Amino acid sequence: MDVNPTLLFLKVPAQNAISTTFPYTGDPPYSHGTGTGYTMDTVNRTHQYSEKGKWTTNTETGAPQLNPIDGPLPEDNEPSGYAQTDCVLEAMAFLEESHPGIFENSCLETMEVIQQTRVDKLTQGRQTYDWTLNRNQPAATALANTIEVFRSNGLTANESGRLIDFLKDVIESMDKEEMEITTHFQRKRRVRDNMTKKMVTQRTIGKKKQRLNKRSYLIRALTLNTMTKDAERGKLKRRAIATPGMQIRGFVYFVETLARSICEKLEQSGLPVGGNEKKAKLANVVRKMMTNSQDTELSFTITGDNTKWNENQNPRMFLAMITYITRNQPEWFRNVLSIAPIMFSNKMARLGKGYMFESKSMKLRTQIPAEMLASIDLKYFNESTRKKIEKIRPLLIDGTVSLSPGMMMGMFNMLSTVLGVSILNLGQKKYTKTTYWWDGLQSSDDFALILNAPNHEGIQAGVDRFYRTCKLVGINMSKKKSYINRTGTFEFTSFFYRYGFVANFSMELPSFGVSGINESADMSIGVTVIKNNMINNDLGPATAQMALQLFIKDYRYTYRCHRGDTQIQTRRSFELKKLWEQTRSKAGLLVSDGGPNLYNIRNLHIPEVCLKWELMDEDYQGRLCNPLNPFVSHKEIESVNNAVVMPAHGPAKSMEYDAVATTHSWIPKRNRSILNTSQRGILEDEQMYQKCCNLFEKFFPSSSYRRPVGISSMVEAMVSRARIDARIDFESGRIKKEEFAEIMKICSTIEELRRQK
């Protein structure tokens, strides 16, 4: 029978049909090879937008720098970065006038955070530029290396464990005439193997000391490493993103803390909240504009797009904003916050790996590192690359490029949002002093502008006024990419608004399915995704039930764990059938052991082990939850884990799921090949670091402690905590006298060992 597809939508309101327009099946594109070209594009574009600025030379590093601030006012619609200081300051003043006390209160909150933040805050985050090794490392390792180098150079304020003291060391390090660092290198030598008597290559890891003079150290401290942004859909060209080093990160964190605190108090800000909270906040602004417009008024909404937001922002402007926001605050506080924008005004971008050349005829490949781009003959390059290199050469210093204007992606999201909101704030009637007025939403570079006016001419005038006001602070609304609609239909940060926010369930489709971590985590993540979509994305009960059945099917095929009584033959079916036959209570078997699925849409919030615990045979319970099971290398047992789920659009989201550790929570062993490389020492450091942190977290579960602000080592803190806990447990009868005595003895032994050390 032929079905007329339009019949499917007869009962569906038009806005719900958005889920049928889903374009993102298949894998997103990933980048291969070097990011050097993309980084050069970014640098060249940024300088082009600011080309009418003033050139100066940095006295410390010798880097040429372009300063577009207070440059010529724009005469055309081309994007430009010539922000006017007095306009930015005035926008800040009006923002404060509309929100009395907002800056004052946020400063007080930030000061409290600064006093309490521990240096381990910097271990969060993934790849970080490690200036000691001149390449990317996991954040924890990069921090450990930095602190190690600081201490060996006599900088010891960081030993208190407070982030602010570590930052004191950073500032002091910049005044030192030289810094001594340790670098890793590999030695290969041929030796005879005793067993096989064959010659083998033996690799040993050497460490050598290297001295950096003041200039070289400063260049490294101000360097952002660049990579290509992966998995970006809907783009033909890739683009570069930056990862800053440890010297910059701490200062940026405090600036963003202040800006976040301000954003929380601004109703037009789409940051730092997300999800349903964000939708509610935005719906409020729309409602306000609708109710305040008179019946005769027109109301239009612009779904806005800005041209190259980051590349037209300027750190000097952020410095002006911070100077204004903190104007009545103590000197130390103002200094700490102004360092991040100053460092960004003097930043250097690392060009990455360089170019790879290959000769088809001679089957030769050779890498041209970024350091060589300054001197190499350009005849080897094609025309577009040649142009890029010519443009960039005056800015090159040791394989890094001086990049004073522009911000690089994702560095000051909160602070740039404050700037955007300050322009939206100027749309009130008392500031426009005419018949049109505006309000809107801002989230980093994304915005929606709601304009009310008595007639179309008023709307047009309002758009023009908004556009020009933005230009004055270095924001370039793109007239080509923004579109205007009657209020009631617009898009903002991938939320579609049509008389209320529409649930675009198809955006979540890529996160359905089996994640491939391990049997235990995959089951938990799978049902949590379905549960979350029922809560947040209008996933109806029938569809959810179907999604669940498809997921279980997918899961069984992935792990070859079809029910014990099935006819399907796989590698595992022999073992699973045997287990099925010898199990009395078959309902108690986990799905991954060939058991039945007991999930339905009512019990998705219960981990499978808990759901089936009462139904399990006793010996099965014993095998399943046995920490001594020799076949399993256990993950640390946490009650909640974090999974990374990929929506179709926007950044990967972190999602919490319940983790019950069983023999199914295995982790694959690490690839051995890393153990023979120069990375090995780093890997061991990282594991030790991880173990210490895990141990510490065991003593201070995050629910029960505010991190110690006093100056005590991790060991001292854990010992004192153990003593307190033991006493409480002993007095309440939870532990016996002998156990209490044993704990006290262990604590004393640890202290004794520390004293001897």
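Cβ coordinates are placed from backbone N, Cα and C, and glycine is handled just like the others.
Long-range neighbours of the region 'Disordered' (50-82) within the same chain, counting only residues 6 or more positions beyond its ends whose Cβ lies under 8 Å from a Cβ of the stretch, are 214-215, 218-219, 222, 307-308, 311-314, 316-317, 345-346, 348, 394-395, 397, 402, 404-406, 471-472, 474, 476, 478-479. The region 'Disordered' annotation in Swiss-Prot covers 50-82.
Counting residue by residue with DSSP, the compositional bias 'Polar residues' (55-64) contains 0 helix, 4 strand, 6 coil. Annotation comment: Swiss-Prot describes 55-64 as compositional bias 'Polar residues'.
Taken from Swiss-Prot, the feature motif 'Nuclear localization signal' covers 187-195 (among others). Mean model confidence of the motif 'Nuclear localization signal' (187-195) amounts to 80 (pLDDT, 0 to 100 scale).
Per Swiss-Prot, motif 'Nuclear localization signal' is recorded for 203-216 (among others), and the stated evidence type is sequence analysis.
Here Swiss-Prot flags 249-256 as region 'Promoter-binding site', drawing on sequence analysis.
Here Swiss-Prot flags 286-483 as domain 'RdRp catalytic', drawing on sequence analysis.
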Taking a Cβ cut-off under 8 Å, which residues six or more beyond the ends of the motif 'Nuclear localization signal' (187-195) line up next to it in the same chain?
201-206
At a C-beta cut-off of under 8 Å, are there same-chain residues at least 6 beyond the region 'Promoter-binding site' (249-256) that contact it? List them, or none.
110, 113-114, 117, 119, 121-122, 125, 128, 163, 166-167, 170, 318, 322, 336-337, 339-341, 343, 411-415
Count up the helix, strand and coil residues in the region 'Disordered' (50-82) according to DSSP, in that order.
0 helix, 8 strand, 25 coil
